[in-house]
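Trainee: Pulled these from TrEMBL:
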type	residues	note
ACT_SITE	A:284	active site, 5-glutamyl coenzyme A thioester intermediate
BINDING	A:354, A:374, A:378, A:398	CoA binding site
DOMAIN	A:4-211	domain 'Acetyl-CoA hydrolase/transferase N-terminal'
DOMAIN	A:316-458	domain 'Acetyl-CoA hydrolase/transferase C-terminal'
């Protein structure tokens, strides 16, 4: 069938107050952009008339300003899951205006299918091509697009000419059956293809095609600096040493790496370390640095959910597709982050902590235990099932007024049971096989900033030795309370907590 | 080859100071008992001579007094992983005498194989039969026996005639390859057999057979009471309702249930609810109550790691093996608790919390955030990958002086990202698809004891509304601090924390 060409405004008018929309895209590559911007206008108009207009948003991970930003500003979001990076959305969440459900990315699609979050009314999918028989070819990300296409009553396709049709063929679309009918996810190495290069939908559900030319909204990250370079070098040295002593196989293992400037620094250092063989990535997000390493032959293959690269870098891939076609694959987040596949492949996972405590618990979502930063993303999917799970962070923040190493994390996303290694610019704490007390020694000694070492040793003294996990419970969050009070964790006075 | 029959004392003399021993058994079914008791005597003698004598213990889960108890009392344990229930061991750990590494049970075998915990010197394996070509038939548990048999330099077999040879054939021994060679674990329904009924070892590694007649040391649990009965009923009613509205398929899904009297009450209630069809278990531990439900036809099949039943009940199974042979299977803990299989099968997991907080974070290991109770066991393996993850607990403990619902858990084992449902005798909080603030409303309203509801609402008021996860960080552990001070959480005075 031939699809109707409609305007973004016409498409947006299909979305009613109370609807849940399902979006393509991931961090924020490949997100639909034009229709959400028009939904914002409808919301504004309805609100001006005194009518309620709020929707739920289900997507792969962060969208750009054209969705989370603009819709937050006009107060059009009632509910949203999962990960997000938009500052206006963040502000609205922390103001209590939006019900934000922060969920492991591998679970998003299945929890929508299981019915835990309500109905998907309309799917809005960015495509580089769509065929009359209902084959939708995605752009720069997998996300939860296959699931929302299947569940939604209506599908709107944003056919975006800012993405090259060269993207056709790069996707591996696979949606598992739900229990009790689910089978194995048959990926045994990062390059295994298990699905189709397109999403097959019932063409009757496609209510219209919105033609756009709207570049992706991926950010570029801060350049490396001496601190991130040192962290990167510590990671590379640690992995090289583990390979040397036979803990990591000599062929190395597939790598997952988080998003941001620390991740870039880590990949840079791994790329430079010639004792580490060329390796594969089985990861969530491919950033510019990975594309560079593929061009240099240091990364042999990249499996991910999204190409979260600058638009220049993306254009470079489209232009060189003959080179990249057998070196890159994009999958739905349910597959890129699958605990089953992560544990099977033996991924080395490297993610960023906001803070870690002396026992190896990690906070990766909440500032001061209360304010949402971005969400957990896929860090839990990888950490929990990794062969070796590593968390990195600078040892201090805010000109040294905040220590990233604290007695007890103010919010906990990754527990002591899941975290193997903590790395700062100060050094490496190897927590594997250690009891909590042994972990505390390693973390304070190797990872804490010199300004905070004695403060942390003094906390341990206050906590005593008479337990598995020593804490002076009334003082455990004392450094956070001090930060709230005086603006500097260094001012904490443990004597106040003695009884 | 014919194996040498040796005494337990001779076998124990092979274990030297500094060795790590690997044991069969799980919670504490099927644990070797005779040799460890003799190791304790050696330790005592060496200590009397002023010599050091301490070992590391790697096992499936808790052992009985003959291992953890007796070896703790003579201070012969340097290091131990994972789960344990022995009171003397617990005391020693909380006194700081033992390095205890509390680890997810599905990860124990692989972390030993990966080399994270050091070498396995001697494996001590309880068997009901061993053949000259090195086939070891296990008794009442799978545990990590296949892994420690393969890795150890020497194997001691405790041939225990207290277990019937009828156990032969009940085990499904399967050890996955390590990355990068690992394949799928090909279990698609609880009854799928994927391995061998015995552990095949190099017979040359078997240094001797210790013949014993030593019954298992499984405890029986407290009888159901009105509180546990109400919790059980709440679980059954919740699951029946979820099935009715189509969230759970009409064929139901396989169940995992933790250990203890609440688990027994839950299973009792599920057994009685005839709107729930006869179901299968894919679980860690089979207790007496499951055997009863199999006899009644309410449980169709049980896959587990151990038969942690009373000795009478175990004898009943051995006597009725023609009935039970196609209704029970025992697997290594790496398989019974496999995240891959748990997520694939869509397990409904039901575990017990020590405390839960208003946002759905769960503490299942530490009393007051510091003292180890038993360890995390397999609760994390199941919770994190469940179709629906449920935590149960009575709403109060210690004659009401402790609320199980608190503002912030004092130790966190299962995060908000993994916990779907909290159930107390007061009611059910369904957290699926909810933001933290919506979860807090549901948990306080439905699960907290009436004596603590207003206290928790008042905490929320103190915490304000200006964040994703409201906390008054200086007061977040205030109920725990109050318990330590006055012995009653009800005395907490939030006014003290206002600024």
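Any Cβ shown, glycine's included, is placed from N, Cα and C.
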Trainee: Using Cβ atoms only, which residues of the same chain lie under 8 Å from residue A:354 (CoA binding site) while being at least 6 residues apart in sequence?
Mentor: A:363, A:364, A:365, A:366, A:367, A:373, A:393, A:404
Trainee: Excluding near sequence neighbours, so keeping only residues 6 or more apart in the same chain, what lies with its CB under 8 A of residue A:378 (CoA binding site)?
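Mentor: Those within reach of residue A:378 (CoA binding site), by Cβ under 8 Å and sequence separation of 6 or more, are A:61, A:104, A:105, A:106, A:256, A:284, A:305, A:333, A:336, A:337.
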Trainee: For the domain 'Acetyl-CoA hydrolase/transferase N-terminal' (A:4-211), report the average pLDDT of the model, please.
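Mentor: The predicted confidence over the domain 'Acetyl-CoA hydrolase/transferase N-terminal' (A:4-211), as a mean pLDDT, is 97.
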Trainee: Just to verify: the residue among A:284, A:374, A:398 with the fewest other Cβ atoms within 10 Å, which of the recorded positions is it?
Mentor: A:398
Trainee: When you look at A:354, A:374, A:378, A:398, which the record names as binding CoA, what is the longest CA to CA distance in angstrom?
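Mentor: Pairwise Cα check on A:354, A:374, A:378, A:398 gives a maximum of 26 Å.
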Trainee: Taking DSSP states H, G and I as helix and E and B as strand, how many residues of the domain 'Acetyl-CoA hydrolase/transferase C-terminal' (A:316-458) are helix, strand and coil?
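Mentor: When I sort the residues of the domain 'Acetyl-CoA hydrolase/transferase C-terminal' (A:316-458) into the three classes, I find 47 helix, 36 strand, 60 coil.
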